[in-house]
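Taken from TrEMBL, the feature domain 'Major facilitator superfamily (MFS) profile' applies to 13-461. Summarising the annotation, TrEMBL assigns transmembrane segment to 7-31, 51-73, 80-102, 108-128, 135-158, 164-186, 224-251, 257-277, 289-307, 370-395, 407-427, 433-454.
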Amino acid sequence: MSKCHYYCSLLLPCLVSIGGGLVFGYELAIISGALLQLRVDFALSCVQQEVLVSALLVGALLASVLGGSLIDWQGRRRSIVFSSGLTLAGTVMLLISAYPALVLGRATVGFAMCISSMSCCIFVSELVRPEHRGVLVSLYEVGITVGILAAYAVNYIMADTRYGWKWMFGLAAVPTMVQLVSIWCLPSNVQSNCAQIKNQEPTRGYNYLSLFHTKDNMRTRTMIGLALVLFQQFTGQPNVLLYASTIFYTLGFHSHTAAVLASVGLGLVKVLSTLLSVTLSDRVGRRPLLIGGCSVMAVSLFIIGLLCTHSHVQEISCVSKGVISNTNITKTHETHITVKNFNETTINSGILPEVKPSVSSPLNSTTANWVVLLSLMAAVSAYSIGFGPMTWLLLSEIFPTEVRGRAFAFTSCFNWSAHVLVTFTFLHLIDAIGLPSLFLLYGTIAVVAAAIFCKILPETKCKSLEDIDMELRLNR
């Protein structure tokens, strides 16, 4: 195959990967803006809102349990087609003006995007040459960050539109169709090198229990996979994005500008940082990017934790089950949210977190606040360079072909569970130990993650999947 033909043959797989990432990021972020309108149009109670938000996570968790077998038995390509069809079906359900249809639609979309996330990463990693695998698999993470940024923009634009929530949900069909057309246009004889080898060689008879056996060093591989997904969540990154507006409010940014900065600003930082990671993954390697990202995250989180005690920071108290997310303060509600009535304003699923009196300090609070803000940006950037793309890239490389789908699904299940746990305990942990101590805890976890990865993480840069498998089988 000529070099020109090879690169042309990668165009459609790239579109498949980016399209799947766009859907994933968009669906994760769009609910915050849609919920503002749905709460009014359907007079939703707090419980109904929580169920609607949680439906996506429930669907994704179910897919992480069942999807691995589907991917290994039906193949990566068919799984991607299946997930695209499910996403379109779920999007149609979300356009129906009935609450049960909305819940079912969100659960369906959650199931589909989890299947797609696993299938796309594995499909591309098995299809391309080792020297390009890092870039092309990481394009999925680029799609996620662009999808999140697009959702923030759509939320803002549609905030004053009647039935704007239908447009918010319906626009997800665009990247889904791009992915579906791309996978259908892919020649039927295109399959991965690993798939060809799998058809030529006898299977090793792996199953789910094989993930915990010492044979072929599977237990260590599973430990590496679990470490990647658990540390990715327990360093607090979901909360940095989900509660960014609340954190910024405690730093003294008491206007609509804070919400715009939290959503569009952080989203833009994630996109640029992920693009940088994509360009470096096959040059620098997975280990340096991941360990370096953990180290920068640790330093940034420690700075936030230490300076929060010296800046004009106001404690957040969880006085109800309600929370505030990035895009909850929109231009529609701007005139209603002031310092005076902040504690009485209803957003999302109840009352906003109560803000306690600020901590006085001899230090220049304005300077400290800006240092904390820059450290927050640095933490998001370090995550997007390290944990964001490297986790899924390594998961698509370290497991044998025969069990790769099930292993990916197994670790994905822990990823989603940890995501739910970290997100839902954020405000309660602030009540228990305070915001500064919580960031110090996240920083400590990042240090532990860097130390463990230095010990157990293999370097897979520019190695074929067969060579990686052989090295992991022999190196215990």
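Just so it is clear, glycine is given a Cβ too, placed from its N, Cα and C backbone atoms.
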- prompt: Mind checking which residues reach the transmembrane segment (108-128)? Cβ under 8 Å, same chain, six or more beyond either end.
  reply: 10, 13-14, 16-17, 20-21, 23-24, 27, 55-64, 67-68, 70-71, 76-77, 79-80, 82-87, 89-91, 93-94, 136-137, 139-140, 172, 179, 190-195, 392-393, 395-397, 401, 404-405, 408-409, 412, 416, 465
Message: Could you tell me the mean pLDDT the prediction assigns to the domain 'Major facilitator superfamily (MFS) profile' (13-461)?
response: 79
Field: Interface-richest range of 7-31, 51-73, 370-395 toward the transmembrane segment (164-186), CB pairs under 8 Å
entry: 7-31
- line: Under 8 Å Cβ-Cβ from the transmembrane segment (370-395), and at least six residues away from its ends along the same chain, one finds 117, 121, 125, 133-134, 137-138, 140-142, 144-145, 224-225, 228-229, 231-232, 235, 237, 240-241, 244, 247-248, 251, 265-266, 269-270, 272-274, 276-278, 280-281, 286, 289-297, 299-301, 303-304, 307-308, 311, 313, 407-408, 411, 457, 460
- prompt: Do we see three or more Cβ pairs under 8 Å linking the transmembrane segment (7-31) and the transmembrane segment (135-158), pairs being at least 6 apart in sequence?
  reply: yes
